[in-house]
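Single-structure report; data block below.
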Amino acid sequence: MMNSFVKWALILFVLVSIILNIVLIGIHTSRAPKCSTQRVHPLKRNHDERSLVFADLSRQEYLQVQQFMLKQKDLDISTNQNTKPWENFLFLIDLSLPKKADALAYLDGKGAKPDREATVVVFHGAKGYIKEYVVGPLPNPTYYKDVTIERYNMELPITARTVTIGEYELLFKYVGEVFSKLGKLMKESFDVDQNKKVNAFEQMPRGIRSGDRHTWISFFRDMSGMYIHPVGFELLINHESVNASEWKVERLLYNGQYFDTVDELRVKYDAGSIKKIVYKETPDYGSLKPRHKPLQIGPQLFNAEGKRYSISNNHVLYLDWSFAFGLSSVTGLRVFDVRFKNERIVYELSVQEAMSVYGSVTPGMILTKFLDASIGIGRFAHELVRGVDCPHEATYVDTNRYMDVPVPVRYKNSFCVFEHNMGQPLRRHFSDFFSNSYGGMVNSALVVRTITAIGNYDYMWDFIFYQSGSVEAKVHATGYISSSYLVDGSLKYGHQVAEKVLGNIHTHFINFKVDLDVLGVNNFFQTKDMEYANVSIPWMPDHYAMVPQLVEKQLKTEQEAALRYDTKTPRYLHIASNKTNRWGHHRSYRLQVFSFTGDHLPESQAEERAMSWARYKVAITKHKDSEQFSSSLYNQNNIWNPAVDFSKYIEDNENIEDKDLVAWVTTGFLHIPHSEDIPNTVTVGNGGGVLLRPHNYFDEDPSIHSADSVYINPGSEDSCENNRMACLAQETCSPVLEPFTYNGFDGVMKFED
């Protein structure tokens with residue numbers, strides 16, 4: 001009986017527990033906020049498929065172009081996976097942008113859709129030159145045209161080519177043969193043997209005159225952040241010939257001492273007649289592994305009521321904004337047909353070039369001037385890490401590229417798009433005199449981001465769209481500094497950052513193309529500034545005061561409008577329309593440049609013409625389809641006779657009154673490395689950009705019409721009528737995050753041992 005009683009008591013207890021749980025769940029459900037994260041925000045306009053005129057090539061289009069070119073028997077293009085320098089190599093396939101007039105006619109419903117075409121770069125190693133071809137129409141191409149002379153007004157020598165994976169493999173093999181002749185030195189100085197290695201990093205440009213392909217290669221320990229572990233050994237290799245059997249070592253540097261041949265270094269080392277480097281273990285100070293176990297996650301972005309933007313193909317809608325986006329393998333991030341309230345503001349906003357000039361006493365960096373477009377800026381946009389590189393809730397977009405690969409490569413999540421609370425109000429005012437009220441608006445903006453890891457440096461590229469009608473192009477640098485082995489005289493060129501390691505001084509210059517179309521393509525360039533005038537005071541005519549006055553000027557030619565960094569620049573720079581706002585002022589957009597650049601390379605230097613865009617903080621030119629880029633894929637390796645010399649865009653000094661204008665904007669920063677650059681450089685303070693701001697373009701601030709505006713007066717603190725935030729806590733719920741994934745290493749370059 002006792003067992004029976006216990007049994008029934010347990011059953012009764014379980015039933016009561018179940019009933020109570022059901023009741024409690026019901027009560028909680030009725031009180032719990034209803035999650036509105038699935039709310040669909042109505043779009044102010046529809047997606048426009050005409051944006052596809054700017055869309056990156058699809059994988060299928062890449063394959064169609066590749067197969068079409070391989071079938072052209074007269075081109076004799078190799079089908080080997082890692083083509084060698086003496087072969088004909090299909091190096092690059094990228095979108096060929098349509099002519100602007102044709103694109104505008106199509107976008108505005110006044111013309112036919114332009115033919116879709118691709119640019120193809122072939123390194124004709126067998127013939128000693130490079131060719132650019134236009135292939136089209138896509139899909140299913142039927143023609144190819146040699147456009148090399150049309151685009152560059154010159155033939156492109158084979159020595160101007162980018163070093164390919166196939167050439168790198170030959171170089172590394174050649175270096176291994178050199179090391180084998182120095183076995184004792186390599187083991188005693190660097191602990192290199194069959195099981196251990198050192199890594200290579202190159203100096204660019206490759207020589208001192210056109211046609212040179214003589215590269216200083218510096219060596220670094222095979223450790224985390226190899227770029228800050230130099231070993232003190234460098235080789236100058238002549239690989240000018242496409243025939244690797246003709247390559248040779250021209251000079252060597254070991255522990256600050258120069259040698260003419262490998263045998264000279266070996267003999268003197270074995271004889272003990274030189275100052276030796278004695279190997280010792282080095283701490284792994286370049287590692288980015290956390291020094292302490294992570295205990296918590298920091299603040300995360302949460303779209304309380306769902307995403308307020310929409311992406312279809314390459315087209316983005318965000319509140320009053322719409323635009324098309326893309327990624328060039330050569331130049332990187334770009335957007336087209338940027339409209340606010342359905343008025344085109346910008347035809348093209350794009351990255352053009354990233355350049356650095358280094359200082360050093362050692363050869364690996366004494367001549368180094370990196371031009372990243374010649375390696376491919378967009379080429380190195382890998383997968384973004386969710387929750388670190390971009391907010392967890394961002395929208396991630398894949399890209400496909402064809403550059404120095406046997407087949408197109410898909411890079412997952414290499415773009416991200418997200419709306420971001422910028423952390424401060426866009427505008428606000430608290431009134432505490434005469435009447436009491438508060439009016440304000442959070443600064444929520446849309447960010448389009450990609451990050452390119454080009455060798456040691458990682459550049460974060462952001463295009464930001466604000467509700468005030470402004471657009472910002474920003475870049476921040478992180479990654480590892482380049483360093484050199486500390487020898488006598490090094491400290492003139494930087495700071496010591498680790499044992500026997502110098503962080504080398506260098507510049508960062510970034511060039512953006514800003515093709516503003518302010519109420520059409522008939523614009524002019526206007527500057528505004530202030531000056532003090534000695535003014536008689538109206539009510540006391542015999543007294544004077546220095547009063548700031550507005551000074552306005554119109555610059556009418558390209559040379560007038562080429563504003564050099566080494567001269568005083570007006571503080572307000574405008575692309576303006578002849579149309580006026582309600583108050584009679586010219587409607588315009590202002591270019592506000594944020595820059596901390598170092599000094600530009602003197603124009604007396606032969607290499608300067610390849611980076612002549614960096615002379616100018618802002619340069620305004622008349623739009624030409626033939627002046628599409630400020631640099632080129634070939635400028636790095638033929639820096640003394642560049643395919644694109646930007647200064648020539650200005651030499652013809654064309655009139656820029658009532659013309660279609662393009663602004664070329666240079667920004668960046670001077671970097672004097674310091675101990676806090678170990679293990680690597682942080683983004684804080686290391687960047688620059690340009691802000692495109694409406695200036696008399698509107699009759700009032702357009703964000704006053706935003707639904708994000710908040711207004712509170714006494715007695716309305718809890719009201720939702722003019723303050724959406726007052727009701728937010730009652731309606732939203734916590735986000736459910738997607739599982740973390742990362743596939744960024746799928747598309748990295750790999751070399752065979």
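Cβ from N, Cα, C; glycine included.
A quick note: this is a predicted structure, and the numbers were derived from the prediction, not measured.
These come from TrEMBL:
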type: DOMAIN; residues: 66-143; note: domain 'Copper amine oxidase N2-terminal'
type: DOMAIN; residues: 162-256; note: domain 'Copper amine oxidase N3-terminal'
type: DOMAIN; residues: 300-704; note: domain 'Copper amine oxidase catalytic'
type: ACT_SITE; residues: Asp372; note: active site, proton acceptor
type: ACT_SITE; residues: Tyr457; note: active site, schiff-base intermediate with substrate
type: MOD_RES; residues: Tyr457; note: 2',4',5'-topaquinone
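Counted with DSSP, the domain 'Copper amine oxidase N2-terminal' (66-143) comes out as 13 helix, 26 strand, 39 coil.
Here the domain 'Copper amine oxidase N3-terminal' (162-256) is broken down by DSSP into helix, strand and coil counts: 31 helix, 29 strand, 35 coil. You'll find the Cα of Tyr457 (active site, schiff-base intermediate with substrate) roughly 10 Å from the Cα of the residue listed as 'active site, proton acceptor'. Over the domain 'Copper amine oxidase catalytic' (300-704), the average per-residue pLDDT in this prediction is 96.
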